[in-house]
Amino acid sequence: MNSKRMLLLVLFAFSLMLVERYFRNHQVEELRLSDWFHPRKRPDVITKTDWLAPIVWEGTFDRQVLEKHYRRRNITVGLAVFATGRFAEEYLRLFLHSANKHFMTGYRVIFYIMVDAFLQLPDIQPSPLRTFKAFEVDAERWWLEGSLVYMKSLGEHITSHIQDEVDFLFSMAVNQVFQNEFGVETLGPLVAQLHAWWYFRNTKNFPYERRPTSAASIPFGQGDFYYGSLMVGGTPRNILDFIEEYLNGVIHDIKNGLNSTYEKHLNKYFYLNKPTKLLSPEYSWDLAFSPPPQIQYVKVAHDSHRKL
């Protein structure tokens, strides 16, 4: 073997070694639940579901481990909100200012704001990590129920561009205010929000849709938790799957002369498609109630007495 050929073989072997080292150093390992979730630290509350999904409470998660993992993934998170109606402008101002301060701080965030033509967007201090995109909802759709208009519009935006822009997406109601950090402990493939009031009721008789002909129907004696409708999260693909099921359910009910609520359709979806992560009532506390001892920090608050 001549020296030139030997040199080429050595260089080839060296390049393979560099490539292997690069991918080893840049590979993001999957995060195990036990790496960041410590349910025994909160014996006063339910911290796992029957299908072993974590229920995130303050004190159950290791923020440093989560931060290290998601920073290596270099993620972008989307937050979609729908603002129309009498109090929409006031709510949107509080929502966006508080979200800009507490939602996924230190990460790239794209806010998707869906509004009617008459709404004045609030001034927000610009940041390199924050992008705000406003979309006017088609006026021809206003005869439809609000949740139906919003979800149909959100589904169209996910298909056309959101799925290519973010790794995770949250859809939240505008009549909420972030009060403490809403961070990467909330991320997952399919994330549900426990209903703040129903979580603390000692009953299995949740207000599910019970009419058997409704697409949202859950029979008596069945069901896991009662989920609130103010927030849903996950990957864009999973959010789109939910939206498609919700819209199909609404069409089914209309054909049968029924009109079930968005929240009941949401609960039916999570009954059939178990969420991979649940957020405690700390992440959507109703200001109409005094927090019980289990609520250590209210992350997000809403006022159920005021309607849009």
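Cβ atoms here come from the backbone N, Cα and C positions, even for glycine.
Note on N74, N259: Swiss-Prot annotates N-linked glycosylation site at N74; no matching annotation appears for the rest, which is not proof of its absence. Taking only the Cα positions, the spacing between W198 (substrate binding site) and E263 (active site, nucleophile) is 13 angstrom. F82 (substrate binding site) is surrounded by 26 other CB atoms, counting those within 10 A of its CB over all protein chains shown. Across the structure, F82 (substrate binding site) and N74 (N-linked glycosylation site) place their CA atoms 27 angstrom apart.
If you measure from the Cα atom of T84 (substrate binding site) to that of N74 (N-linked glycosylation site), you get 33 Å. Classification of E263 (active site, nucleophile) by DSSP places it within a helix.
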